[in-house]
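Data block below; observations after.
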């Protein structure tokens, strides 16, 4: 039975160390073994070993026989022992043991292959690190290459902007009467190969149009649009089909009209299509001369019995999608190369690449105007970030974050994993109701302060916190921007998805993802030393003592009985110190500080970190409660009249009024302006990539693959494909424009009668993928970038690869768990 108990204790990491540590400090040497030879060996030991209490009887016996010993070279230690500053025996096989803080640097001399104990001045390998090191030629060459490439990129988009005009938005308003053919002549000198036509009018919605079969379409009224090429005389002023010498007609584009009783005062639907011009052979009787020229026209007709109004816009020869996708991939690769290899600042990289993307659009004839570029910025997100940064900056002056750090330290009793678990749980719960960017802004200062007082590395703890922020935001329609986009879509609302069933379905899957994330993160950091800035001082001192005693034992030869007696006692001391070390290491894996110093450290922290300005804290709390309360009211349609950004701004203004600051400069200096600029550049880049066709290409490819699958497995394939495509893509592309595009793909798949797919499982798949995929990379989600910006302001810099090595494997685990959950719910249980 005792053996079984010992095995169970060993499996739990508990041994009989308590008995070893509780024994009295009796002498390790009996008086009968103290011969003259043993005493002589004792005299040759290092002072820190010789005068240890464990060998006290050697000292007493020597003093009894020969008088006192010289102890002037010893320094008292906190544990009652004494250590000497003299040089210790060196170990050639383990030179790192020779470098300890008890040895004076000038007393230790190394050879190239062995360590000398007599202090001879032989060839040293210690170099003087105080001499300034000149930059190598290779470093200078790399710097010049980087500078040359960046200047070349600057020249590229500067020259393009000087040579190409801004795109002109051509919009015309007209109507087509029954049995009338309306013509609009395109005024261009170039040969038209294709035409991007945008129409807005009383058209049937795309979802309802896809539900019509072929017979229904034949019975519905349509509006037909096509391109014609006319050959006319140069002197002709009013170009019409009647005075054209030759006419060539392209294939028409048919748009189903809404019912005639809904055409008047309609809100209108927008339709976009690329009409390709395929040149035909001209009539043999047509004679081309220098007096003839070609004219292209857009022609429209309607089968309706009443006049059909419409708005027309067009672009000549739009960018080819295949070319645009290649260019988009090049731009994305350039951005990631600059960020991953840290060639330049992250914000600067985003600004340069986004500007280059505008130059690529200009080359394709799609250069946007400054007003259009500004419209691409997600002002709501930027306003939310700015306002919450302002609130947090003022709140930090009260000492609240320091106080919360001490409170968390006290609740978790200094234990590492309970601390990380508590921070992650609080972040996830807050993110379910608040925007995850807001949650990260509030929690990051607390986490950093807590890690600093506990000697923990803040970066891994912040990674865990931001991962759970994105996970928690996935559970509700208001927790993450992609969910807001999905839940506010008209087709999604018509499918019966509301706040309640959205939260219920997503929360069950998110709970599984939380469990997977916790165990995977804990496995990655199973060595808790990776979470520390350094090893606890007590463990360092104990390791140092063990190395001294072990070297002392190794220095004795295996010859006489006297040497064996002393060696045995030294080794017994080493075993005792090792047992104590194992106990401390086991405790340190669970705690941020030893149990005996927890109360002392807690008392010191409570004295040092306290609320500094209680009145300002009350004012900041009032503003924060207002913001949080209005955030909660967003789930009620009657109170959802003020956006998240405006709510945060109103709260920030309230706090500024209550704080009554005469000088705003100190507060504004703490705003993360570089983070705001990074987001602005990223919004421009992603919209440019969308214009180049990257996101549409991804959505179209997904839809095409689902169409190719057999109907019996189509739902499982659609769920899996939608989840993984949106998840992997949102790790590298901002999930806001991706969700905007993919929600249209999902609604079109759900409303397609030939596929016969339920829409709800596809919506859940998109939400899981777009939100959880942001955990894959540092720029995959807004919360990641905000957390990195705040941490960098506190002196802790994230790198892209640091986040990628942790976040991407965990993100893959997210998608595996979510995929299993969705397949079980909808392919096995048929929850929908």
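Glycine too: its Cβ is placed from the backbone N, Cα and C atoms.
Feature transmembrane segment, per TrEMBL, maps to range 762-786 of the set 737-761, 762-786. Feature annotation (TrEMBL): of 283-301, 302-320, 416-434, the stretch labelled transmembrane segment is 416-434. Looking at 502-521, 522-541, 542-561, the range annotated in TrEMBL as transmembrane segment turns out to be 502-521. Annotated range for transmembrane segment in TrEMBL, selecting from 240-257, 258-275, 348-365: 348-365. Two recorded stretches are said to be in contact when at least 3 C-beta pairs lie under 8 angstroms, sequence spacing 6 or more; the transmembrane segment (616-636) and the transmembrane segment (715-733) fall short of this definition. Residues 332, 336, 482, 686, 689, 694-695, 698, 702, 705-706, 709, 739, 742, 746, 749, 755, 757-758, 761-762, 765-766, 768-777, 780-781, 808, 811, 814-815, 818-819, 822-823, 826-827 of the same chain lie 6+ residues outside the transmembrane segment (715-733) yet bring a C-beta within less than 8 angstroms of a C-beta in it. Distant neighbours of the transmembrane segment (806-829): 460, 463, 467, 471, 505, 508-509, 512-513, 516-517, 520-521, 524, 715-716, 719-720, 723-724, 727, 731, 758, 760-761, 764-765, 768-769, 772-773, 775-778, 780, 784; these residues of the same chain sit at least 6 beyond its ends, with a Cβ under 8 Å from one of its Cβ atoms.
The transmembrane segment (385-409) shares the most Cβ pairs under 8 Å with 642-659, out of the stretches 321-341, 416-434, 642-659. Through the fold, the transmembrane segment (348-365) approaches residues 150, 153-154, 156-157, 160-161, 164, 167, 315-319, 323-324, 327, 331, 334-335, 338-339, 373, 677-678, 681-682, 684-685, 688-689, 691-692 of its own chain, all at least 6 residues removed from its boundaries and within a Cβ separation under 8 Å. Between the transmembrane segment (502-521) and the stretches 144-164, 321-341, 416-434, 642-659, 671-695, the greatest number of Cβ pairs separated by less than 8 Å involves 416-434.
Outside the transmembrane segment (642-659), and at least 6 residues removed from its termini, the chain residues within Cβ reach (under 8 Å) are 379-384, 386-388, 390-391, 394, 435, 438, 616, 619-620, 622-624, 626-627, 630-631, 634.
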